[in-house]
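Feature annotations, reproduced from TrEMBL:
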type    : residues : note
BINDING : 5, 93    : Mg(2+) binding site
DOMAIN  : 2-119    : domain 'PIN'
């Protein structure tokens, strides 16, 4: 399984994004792998489209790519707090790390800070 960071999820659907080609290539290189995104990361991805009335289309686009949503639950709070405290990442990025750890998954990201922190936690990272 591969957990998508917002940077990759956004770039996959936006041809003007600086990371679009790298994100598409990453996805092509991992055809057959299960793709997932945390609920919080999905919300982060949908903020800009929601401002312009395009959130439904963007969410449908991710679903069409086979991206499933991994929910967060109350019991994740302590582990999330510990992940954020240990890594110094912003909460949205800490959620990506926590989600990947909980699912025994790799992370796909275009964010070097997130990639470095994830590697320090023993996670496989696919950089776009």
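Yeah, the Cβs are placed from backbone N, Cα and C, and that goes for glycine too.
For the domain 'PIN' (2-119), residue counts in helix, strand and coil come to 76 helix, 15 strand, 27 coil, using DSSP. Residue density at residue 93 (Mg(2+) binding site): 25 other Cβ atoms are found within 10 A of its Cβ, drawing on all protein chains shown. Annotation for residue 5 (Mg(2+) binding site): same-chain Cβ neighbours under 8 Å, separated by at least 6 residues, are 41, 93, 96, 107, 108, 109, 110, 111, 114.
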